[in-house]
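Each remark here refers to the structure printed beneath this line.
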Amino acid sequence: MVFRKPPDGGWGWVIVVVSFFTQFLCYGSPLAVGVLYLEWLDAFGEGKGKTAWVGSLANGIGLLASPVCSICVSSFGARPVAIFSGFMVAGGLMMSSFAPNIYFLYVSYGIVVGLGCGLLYTATVTITCQYFDKRRGLALGLISTGSSVGLFIYAALQRELIELYGLDGCLLIVGALSLNILACGSLMRPLESSSSPPPDKMCVDKVPDQYFVYHEKEKTVEENISILEKGYIDEKCVNNVPDCKQDSILNKNVLSSINVNEKDTYKKKVVEQTNFCKQLAKRKWQLYLTYWKETMVLFKNRVFSALFVAILLFDIGGFPPSLLMEDVARSANIGEDDYYMPLISIIGIMTTVGKLILGILADFKWVNTLYLYVTTLLMTGVALFAIPFAKSYFTLAMLSGILGFLTGNWSIFPYVTTKTVGIEKLTHAYGILMFFAGLGNSLGPPIVGWFYDWTQEYDTAFYFSGFCVLLGGFLLLLAALPCWNTCTNQSSKLPPNTYSYKVASNA
């Protein structure tokens, strides 16, 4: 599929606004699930590791399904996927209000809501990258702040709704708010393609229409013949009963001769259409084989291979604080009088600041986005090591702000991926990387919860989390140092007025 040059403005800013609100509405509750996590602990009486699976699935399952989400967006477009996913998120949240046990939440909140969020995230990132080139870092930073603002607002909103209407009422209201995603999705107008489509695609599109027209003609001939036959015979039978049988036999002979010719022509068309279907199926199969071959080629890039390891380890260690920080404060016996603001809200607002600042930095030519991303990983690992030493609200709030700011590196991750593999392979590569990110999101909080159930304290768990993030950062740094200048960026070889999304068309 060949798109015209991204406008870097115009309707693209509308895309940025609706993508912002889409991520705000879909990720607000899953990212602020730490508030619900405490309520589920008290309501179902399960262990921390077991209960943590709900929030980790909601944030990880959509990323695990990123390859499928990428194929859906490539095949159907961002707007239909966004509208369909809005129903999934809203329905999953409302279903969760009727959960009789923790296992029901695994499906309703973890899988349904999580998969809907994954589809929406892929749709918003893909369509934003199509509309922006020179300002892509700023645009991605702006839309990614939607989830952070949602985390900040939903943390306080869900707590207030729980106090007023209970846990079930809170989930119903939040689910109703998510229906606004439908309005946002309807405004995601796709970027117009170039006026000259590829010749092979034109041939493929024309053939089915021709067969369709022929089929309608055949149907019309048969219907007209049957109607004329019936009307003629009925009239003869009423006016002249003796001639009724003779005319009927004569009409049948005439019609049989007509049907013979029509059937021969029809059989030829059926054979041609069958051959066309076989050729089309063969072509699609070759496209899918090409898709998986290109997947294997991606892993030959050392930076890309290190990037998927780094994102996996980062999400294993860096995601648990946003889910468990409230319980960390409760385990540290911090009184409600010292609790000025939810720690999750602090993480959310600082993540917004981090995404904006890091997204703006990524647009500067003198900034190497890969090294910037590595720096955020190393600093995150150090901050995680410091959590066990925080015994007051002030220190926990400071660390929450630092971790939130560094988590804003999500805004530059698509930018890093684009620089590593090229814009034409962004959808393909990004789906693979998000799969490993989802795996880390799914495993991180339960591992930390199991550490607590085993040791009855969070110190060992956060030492483990910090080690994972530091290890991923060092591996990525080692892979990037010798070969960053040799990383392929095929987008520079394309004509100046077009961008070819080759993987999207193959999918």
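Glycine residues also receive a Cβ, built from the backbone N, Cα and C atoms like all the rest.
Unlike curated records, TrEMBL annotations are generated automatically.
The shown structure was predicted, so the numbers you read here are calculated from the model rather than taken from an experiment.
Per TrEMBL, the feature transmembrane segment maps to 12-40 (among others).
With a threshold of 8 Å between CB atoms, the same-chain residues lying at least 6 positions outside the transmembrane segment (52-73) that come near it are 30-31, 33-34, 36-37, 40, 81, 102, 105-106, 109-111, 113-119, 121-123, 126, 315, 319, 323-324, 427-428, 430-435, 437-446, 448-449, 504, 507. What TrEMBL records for 52-73 (among others) is transmembrane segment.
Taken from TrEMBL, the feature transmembrane segment covers 80-98 (among others).
If you look up TrEMBL, you'll see 104-125 (among others) marked as transmembrane segment. Long-range contacts of the transmembrane segment (104-125) within its own chain (CB-CB distance under 8 A, at least 6 residues past either end) are made by residues 19, 22-23, 26-27, 29-30, 40, 53-66, 69-70, 72-73, 78-79, 81-82, 84-89, 91-93, 95-96, 98, 140, 143, 181, 185, 188, 414, 430-431, 434, 438.
Per TrEMBL, the feature transmembrane segment maps to 137-157 (among others).
Note on the transmembrane segment (169-188): residues 14-15, 18-19, 21-22, 25-26, 28-29, 36, 78-79, 81-83, 85-87, 89-94, 96-97, 120, 123, 127, 154, 157-158, 161-162 of its chain, located 6 or more positions outside it, place their CB under 8 angstroms from a CB of the stretch. Taken from TrEMBL, the feature transmembrane segment applies to 169-188 (among others).
For 303-319 (among others), the entry in TrEMBL reads transmembrane segment.
Per TrEMBL, transmembrane segment is recorded for 339-358 (among others).
Here the transmembrane segment (370-390) has Cβ contacts under 8 Å with residues 303, 310, 314, 317-318, 321, 328, 332, 358, 361-362, 396, 398-399, 402-403, 406-409, 412-413, 416, 419-420, 458-459, 462-463, 465-470, 472-474, 476-477, 480, 484 of the same chain, all six or more residues outside its ends. The annotation transmembrane segment is assigned in TrEMBL to 370-390 (among others).
Look at TrEMBL and you will find 396-417 (among others) tagged as transmembrane segment.
Only residues 6 or more beyond the boundaries of the transmembrane segment (429-452), in the same chain, are considered here, and those with a CB under 8 A from a CB of the stretch are 47-53, 55-57, 59-71, 118, 121-122, 125, 295, 298, 304, 307-309, 311-320, 323-324, 331, 413-414, 417, 420-421, 458, 460-462, 464-465. The transmembrane segment annotation in TrEMBL covers 429-452 (among others).
According to TrEMBL, the transmembrane segment annotation covers 464-484 (among others). Taking Cβ pairs closer than 8 Å, the transmembrane segment (464-484) reaches residues 302-303, 305-307, 309-314, 316-318, 320-321, 368, 370-371, 373-374, 377-378, 380-385, 444, 447-448, 451 in its own chain, all 6 or more past its ends.
The stretch in closest packing with the transmembrane segment (303-319), judged by the count of Cβ pairs under 8 Å and taken from 12-40, 80-98, 137-157, 339-358, 396-417, is 396-417. Only residues 6 or more beyond the boundaries of the transmembrane segment (80-98), in the same chain, are considered here, and those with a CB under 8 A from a CB of the stretch are 22, 25-26, 29, 69, 72-73, 104-105, 108-109, 111-113, 115-117, 119-120, 122-124, 167-172, 174-176, 178-179, 181-182, 184-186, 188. Listed by sequence, the residues of this chain that lie at least six past the ends of the transmembrane segment (339-358) yet keep a Cβ under 8 A from its Cβ atoms are 31-32, 34-35, 141-142, 144-145, 147-153, 155-156, 159, 321-322, 325-326, 328-329, 372, 376, 393, 396-397, 400-412. Residues of the same chain lying 6 or more positions beyond the ends of the transmembrane segment (137-157) and with a Cβ under 8 Å from any Cβ of it are 12, 16, 19-29, 31-32, 34-35, 124-125, 128-129, 131, 174, 322, 342, 344-345, 347-349, 351-352, 354-356, 358-363, 369, 404, 408, 410-412, 414-415.
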